[in-house]
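Trainee: Sending over a structure as structure tokens; questions will come in a sec.
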Amino acid sequence: MSVILVFLALITAIAGWWLSRQRLMSKPWLEVGPVTAFPETEAPIMHPAKIGLGVFLAVVGALFALMISAYFMRMVYADWQAAPVPQLLWLNTAMLVLASVALQCAVVAAHKGQRDNLRLALLAGALTSTVFLGGQLLAWRDLAAQGYFATENPAVSFFYLITAMHGLHIIGGLVALGRTNVRAWRGESSAHLVLSTELCAMYWHVLLIVWLVLFAVLMGWAADFIDICRRLLS
Amino acid sequence: MAIALVLVLVVIGSVLFHVLSPWWWTPIASNWGYIDSTLVVTFWITGAVFSAVVLFMAYCVYRFRHKEGQKAAYEPESRKLESWLTLITAVGVAAMLAPGLYVWKQFVTVPKDATEVEVVAQQWQWSFRLPGADGKLGTSNARLINSDNPLGINPEDPNGQDDVVVEAADLHLPIDKPVKMLLRSIDVLHDFYVPEFRAKMDMVPGMVTYFWLTPTRTGTFEVLCAELCGTGHGFMRGIVMVDTAQDYTTWLQQQSTFAQLTGPAKVGALVDRAKAAATVE
Amino acid sequence: MVDVTPHGADLIPPAEVGEMDLYHPHSWWTKYVFSQDAKVIAIQYSGTAMAIGLVALVLSWLMRLQLGFPGTFDFITPEAYYQFMTMHGMIMVIYLLTALFLGGFGNYLIPLMVGARDMVFPYVNMLSYWIYLVAVLVLVSSFFAPGGPTGAGWTLYPPQAITSGTPGGQDWGIILMLVSLILFIIGFTMGGLNYVVTVLQARTRGMTLMRMPLTVWGIFTATVMALLAFPALFVACVMMLFDRIIGSSFFMPAMVEMGEQSPHNGGSPIMFQHLFWFFGHPEVYIVALPAFGIVSDLISTHARKNIFGYRMMVWAIVGIGALSFVVWAHHMYVSGMHPYFGFFFATTTLIIAVPTAIKVYNWVLTLWRGDIHLTLPMLFALAFIVTFVNGGLTGLFLGNVVVDVPLSDTMFVVAHFHMVMGVAPIMVVFGAIYHWYPKIIGRMLNEAMGRFHFWVTFVGAYLIFFPMHYVGLVGVPRRYPELGDTAFIPPSVHTLNEFITIAALTVGFAQMVFLFNLFWSLRNGKDAGDNPWRATSLEWQTAGTPPPHGNFGKELPVVYRWAYDYSVPGAPEDFIPQNDPRPATQGGPA
């Protein structure tokens, strides 16, 4: 459970930092009147969707942290054998990186009002993400063709489970990204698309980070890294 | 108004119930009297806190109930009072935690001279295995279980040949000898629970869990399963008898070893099966 | 997130008024059924939760009948008993208490109390309810599935949850249960995002965090915890579905199932327990923290006195919320996990008792030198304190690792958690309903029926669960449909069991009176007016009662003071609403 605890420590640190700016030590019964004296304690004027997505991504982070925790807990049992990781995953990872880059370009284009660039970048993001999903499916087929089904070996079960769960999140994101694409190609002005584009980009960046961590876990690097840390400590 | 009276009655009733009711723990039959003592300490501390809080509340309700023209005091906080209350609570909590952790240390430290006894649970019966003359239990594996070898003892392990197997029958333990109960399940979770021993532990398939105790009183005690294990959970009973050393020896001599139960011919068949199982895995 | 723009009195965030027009319901369907108004969603959530809770209540009667009079009722076989027990537990914890406190009270009170027009994502909020409803229907459908619902206990421990020795283990029961939980979590996450972001972002001007009523603090903190804890249950459910349906071995070890070697190999049942309780323990506080918050407001309002030690109360809520994530394994002291974990988890568990105790002291000290009106909400608040203190203190037995060893898995545990997270939060639910029903409906609940309901419920529930601790102390294990002939259990325990059963049926009857009152008062209750309790917080200062769509009139209220200005010295009235700009000496209701 150490992975989820580290993740929660991170969340707690962020929450603690935010709370520390909310004047929790103040004595509210002494402060009658409007609060113009303490503007920082007012609700922030930031689009709620961004805060909402931020909170949602924290939930997604907790979900994957728990899955990795389970992976490490299961790993120490005797029947564990490392699963072969299809080489295709490298290509898929590259695709997801490209998608993230494309969406970042889209954000820049939206802010500058470059409609054509925005359209192209959004489309590129959607296409590379679709290719990523297709690649993941091919990776599954590769594994199955080599005789690794989900029941054979817990490492393989985890591989299917984790990639499926990550893929489902990408599919969910693609729905939102698809809608943004449609709106962009229908000719909505880029000023109206800034928010949607920013939200998509934020979601994709986080899912990319999640994927990189998952990739490291599935490749066995994460376990090696923890081993090294443990040796350094002892 | 009635509520103030009822609050007082709740306290008096609870205390009287605690003191006068016939329902209390079973007479102890093991060395874990410390657990009982910690429990009694906890009862005293928590009982005092409960009575104090509820009686204070009853007094407040009685004294400060609404009357015409009454106005409440304005009192946002009192750092001093709150600090004191925090401190006192922390001391009370420490007074329960310290003995608790001290006894837990004993609970998890098995004495060196403890003899091992294995309990094997399955839906819905108890079996037992005692080390033979060599004092060692043979290894076991759930994959080796069949009708001839219900406990899955490894026939290739020489330590296992003289193990005493008690299948679905009573377990006997000698008095005043520390025993380490090794707990194993071959299907779902179970929990080896003898109320008079106080100690208990879950049995988890794929693992060997343990606790230790020294029986201090001869007699017949019931074993219950304390972890939900399916429809037969409530009927999964067994018997542990704590004997004098002499009775124990007599009983032990009547039991069969693994080798006797399986017989030379069958052991050969079992070895083949064990090999097959080993290659499968 | 620092915002330094000056806040002029006429500056209302432009998004709010504009979007309100969009959400405005145009037809009967969008007004009452597919409504995006948090208040309607709240009533839908509460209604569904209470309906399914009623099912769980009836199941508890059946269980008590079996325990009090074993062998009398032929249809309550051990299988049926375990099915009743499992469904009762799961429904009460998840589908009633979690849904009612967060989906019901959260939806109704958060926007009103922080001065917002609605939740920030009304459409997602509506989806949240409908997914919850589907989850409930899937759960109910398992009663009609072949093999019936699962009988694995609400903890669903593998391997037995998905083996043939357990009702529903190899049938549809367990699958429907897991699917229902997964749906619930998805639905809850949608609602939870709303509650959190509304508190973060949609507070009206002047509503700083330290001016929020403790109800909002409690629900807010509980929602944050739930958002982070429910993924653990989600992961556990998905992995168990894998094990059950495609035969993987996440949790399933090599085992012999009914004389047959199972196909599983090497899985870890303890891993499931870690995941389950990583959700399960925060879940206790997900139910308790909203109750803590609500009861603080009930006591303060009806004792006409500010809550004592408001700051300490806020810190305690936040502290308990954070600590509750590092105590989960105290449910697993005898699970076979590494025994040295016991030292750590016993210590953290007993530390959490300190902030909890402080909250109790502050509630009681609020009564001191108050002006206590013994209204129904106040009575239920007092009952909450008694049962919560009782249940909380027995938690010190079970949290202190070595004392837990003889008591775990006995009726003592059952009595403890029913007292602390069954009876105590339900007392708050009742108090809250008597308190806010006048705002929701515009009429008061009938007082006589309410008093009858209170006395039977409080005294009856105490009589059920206080003696039950001693049944556990004798050594009677939990989850036994009957005790049979067991030498260490004296016949007097059977008599006590009969008594408890009769008490349980009586308390159950009182709930029918309560439900009747809810409907009867819709038409026949006394007219409540806008602020019958003369309370300070914003929900009582709305333009009308029940509050209209958009909650407040044309302009959102501006907050000038904290939520607890009761009996301020020098003020003409004994309360000053939060949106009253005048100094205390001239203040009071306009």
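Glycine too: its Cβ is placed from the backbone N, Cα and C atoms.
When I checked TrEMBL for this same protein, it listed these features:
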DOMAIN    C:23-560  domain 'Cytochrome oxidase subunit I profile'
TRANSMEM  C:40-62  transmembrane segment
TRANSMEM  C:82-110  transmembrane segment
TRANSMEM  C:130-152  transmembrane segment
TRANSMEM  C:172-193  transmembrane segment
TRANSMEM  C:214-242  transmembrane segment
TRANSMEM  C:275-296  transmembrane segment
TRANSMEM  C:308-328  transmembrane segment
TRANSMEM  C:340-364  transmembrane segment
TRANSMEM  C:376-399  transmembrane segment
TRANSMEM  C:411-434  transmembrane segment
TRANSMEM  C:454-473  transmembrane segment
TRANSMEM  C:499-520  transmembrane segment
Trainee: I'd like to know if the transmembrane segment (C:172-193) touches the transmembrane segment (C:499-520) in this structure, counting it as a touch only when three or more C-beta pairs sit under 8 Å and are separated by 6 or more positions.
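Mentor: In this chain the transmembrane segment (C:499-520) does not contact the transmembrane segment (C:172-193) - fewer than 3 Cβ pairs sit under 8 Å.
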Trainee: Can you check how the pLDDT averages out over the domain 'Cytochrome oxidase subunit I profile' (C:23-560)?
Mentor: 93
Trainee: State the non-local partners of the transmembrane segment (C:454-473) in its own chain: residues 6+ outside its ends, Cβ under 8 Å from one of its Cβ atoms.
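Mentor: Counting only partners 6 or more residues beyond its ends, the transmembrane segment (C:454-473) has Cβ contacts under 8 Å with 376, 379-380, 383, 386-387, 390-391, 394, 407, 410-416, 418-419, 422-423, 427, 430, 493, 496-497, 499-500, 503-504, 506-507, 509-511, 514.
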Trainee: Given a Cβ distance threshold of under 8 angstroms, which distant residues of the chain, six or more beyond its ends, lie next to the transmembrane segment (C:130-152)?
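Mentor: Those are 34, 44-45, 48, 52, 55, 79-83, 85-87, 90-91, 95, 99, 103, 160-162, 166-174, 176-177, 179-181, 183-184, 186-188, 190-191, in sequence order.
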Trainee: Which sequence-distant residues neighbour the transmembrane segment (C:411-434)? Criterion: at least 6 residues beyond either end, Cβ under 8 Å.
Mentor: 92-93, 97, 100-101, 105, 284, 287-288, 290-291, 294-295, 298, 375-381, 383-384, 387-388, 390-392, 394-395, 397-398, 445, 450, 453-454, 457-458, 461-462, 464-466, 468-469, 471-473, 476-478, 514, 518
